[in-house]
Amino acid sequence: MHPHLDVNNQKQCADLIRALEECHKSFGKFFGECNTIKYELKACLTKDRNDKARLNRENARMRKKVIEENRKKEEIEERILTDRILQQERKKSHANEGAGDNNN
């Protein structure tokens with residue numbers, strides 16, 4: 001079984017699609033005259049689908065890699081900000097301790 005045959009969607013197989021449609025206009029389709037074209041078209045559509053799937057997998061890997069890199073950058077930035085906040089809090093607590101000693 002193949003998808004709906006559309007020359008615009010399956011451009012690599014357009015010639016075979018047209019040939020099969022032309023063959024099906026005659027009575028030859030009832031006597032197996034179109035079978036060779038049909039098998040060639042099936043092979044072409046399978047190759048086209050596999051090529052699209054391979055490209056989709058490659059694109060997904062690239063998107064996943066970019067997302068992972070961004071996540072790591074965000075984690076590093078978050079750690080840096082957390083460290084800065086902790087340092088500021090320590091400075092404040094040391095300053096408050098020193099001010100408290102002078103008041104006693």
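Even glycines carry a Cβ here, placed using N, Cα and C.
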Recorded disulfide counterpart of Cys23 (Swiss-Prot; options Cys13, Cys34): Cys34
Disulfide-bonded residues compared (Cys23, Cys34) - the one with the fewest other Cβ atoms within 10 Å: Cys23
Helix, strand and coil residues within the domain 'CHCH' (10-52) as assigned by DSSP: 37 helix, 0 strand, 6 coil
Sparsest-packed of the listed disulfide-bonded residues (Cys13, Cys44) - C-beta count within 10 angstroms: Cys44
